[in-house]
Amino acid sequence: MTHWIAGDWVSGHGETIQSLSPYNSNVVWQGESATKDQVESAVSAARHAFIEWKKQPFEARQVIIERFAALVKENTDKIAEVISKETGKPFWETKTEAGAMVGKIAISIRAYHERTPHKEREAAGNKIVLRHRPLGVMAVFGPYNFPGHLPNGHIVPALLAGNTVVLKPSEQTPWTSEVIMKLWQQAGLPNGVINLVQGARETGEALASAKGIDGLLFTGSANTGHILHRQFSGDTGKMLALEMGGNNPMVISKSFGEQEAAVYTIIQSAFISAGQRCTCARRLYVPIGKAGDELLVRLVEVAKTIVVDQPFAENTPFMGPQISIAAAEFILNAQKNLQDLGGESLLEAKSLGHAFVSPGIIDATNVAELPDEEYFGPLLQVVRYETLEEAVELANDTRYGLSAGLVSTDDSEWEYFVEHIRAGIVNRNRQLTGASGDAPFGGPGASGNMKPSAYYAADYCAYPMASMEGDACEIPAQLSPGLTL
């Protein structure tokens, strides 16, 4: 039973899908995907449940959601174990993901009150009221890299606002969503308020094109996001929020400070989660000169020592595998392409079996036209530069705009950088992958459609309703010209 529709666990009627552990290729989950008819049933169940769910006082919805948060906290190790088995991420890291799910719930509750409040005021004898109302049925598309945390960051704000949800997780991490949906069921969520449909492209297309949805919250690749954007472009009646990737630049100033700290910040930016975070550094701009040379030497030395292994290894790894063998091959092919274009490998990424890839660092300074691609893995491109102005210009030479960073102890350099860089998340002397849960998460360009998630998800899970009210109709002291009563 792999789908949760209208409160019932049911089998799919579509093609068989499997979740393969990327570190040993074992099948960890198997089921049949949802057909178009089953997707329509899930949307219909959500529509039916919406009528009663939106009527519930906010406090009643909050009680259930906080009960879910308590269950997530209680089952942290179980959730983390499943995520590790599906994604290959180290167990220590997946435990932090489960913890982040709990933290995001508290943030979302606060955001609901701060971003979508009820307000009243008097003006010229009228009562002016601002209310917020749920959109209706929200389709949520989840990614594989944070299969618990990222869908949670859309589902919870949607439910708090009074919406109902149909979740379509990544076909590479179905088990995680199944485990989490069972916690929602245990928390006492009414039937149909959340529905789970598993499947690959066909299931996703059926959900995205379903007439019964009022909005779609997407986290995933830019290619898929752009397809959805084109699909929804003629349908202004549906809300679309896209959270996509980035070709993220990290600029190392000549005044980068202590070498070891700078190296640590680069490692955390480029290779955490085996490079499978949308905010990971993809391009590293390093100043020409002795200090930059020495920094790169040390960076390569440290990157060589990164422990890469399966998530539960006795020698605790920093990095796990890529999500799949195909994803691992993509990184190795990208490296080969950059080498063919004139790039020089400072540390060559290598296959370590199954979906494992070791860290790669390639000097792409001599590549005439650096491909503007998101290499979603442990491959860092280095470009040497003369001036900060040149570095910022190069950093902005991308269609993306998710994250960017500057490593510098010079305040004036930071002021210049933050003024001229084009990105939604901009950090100084901190890893690019660091972001506050109560700050907007998103960026311009191909990284999204200006609907950032996290704290700001409340903005597009409810629409504002403005009212001008009086206890009874009134006749003004002076009628409008040309009117007689």
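Here the Cβ of each residue, glycine as well, is placed from N, Cα and C on the backbone.
According to Swiss-Prot, the protein carries these features:
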- Glu243: active site (ACT_SITE)
- Cys278: active site (ACT_SITE)
- Gly220, Ser221, Ala222, Asn223, Thr224, Gly225: NAD(+) binding site (BINDING)
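Candidate recorded positions: Ala222, Cys278. Fewest other C-beta atoms within 10 angstroms, Ala222. Neighbour count (other Cβ atoms within 10 Å of the Cβ, all protein chains): 11 for Asn223 (NAD(+) binding site).
Proximity of Gly225 (NAD(+) binding site) to non-local residues of its own chain (separation of 6 or more, Cβ distance below 8 Å) is seen for Phe218, Leu242, Glu243, Met244, Gly448, given in sequence order.
According to DSSP, Thr224 (NAD(+) binding site) sits within a helical segment. In this structure the alpha carbons, written CA, of Asn223 (NAD(+) binding site) and Cys278 (active site) are 14 Å apart. It is 9 Å from the Cα atom of Gly220 (NAD(+) binding site) to that of Cys278 (active site).
Within the same chain, the residues at least 6 positions away from Ser221 (NAD(+) binding site) whose Cβ sits under 8 Å from its Cβ are Met244, Gly245, Glu374, Phe376, listed in sequence order. Neighbour density at the Cβ, taken as the number of other Cβ atoms within 10 Å, is lowest among the recorded positions Gly220, Thr224, Glu243 for Thr224.
Report note: the NAD(+) site is defined by Gly220, Ser221, Ala222, Asn223, Thr224, Gly225, and the residues of the same chain whose CB lies within 8 Å of the CB centroid of those residues, excluding them, are Phe218, His226, Ile227, Met244, Gly245. A gap of 14 Å separates the Cα atoms of Thr224 (NAD(+) binding site) and Cys278 (active site).
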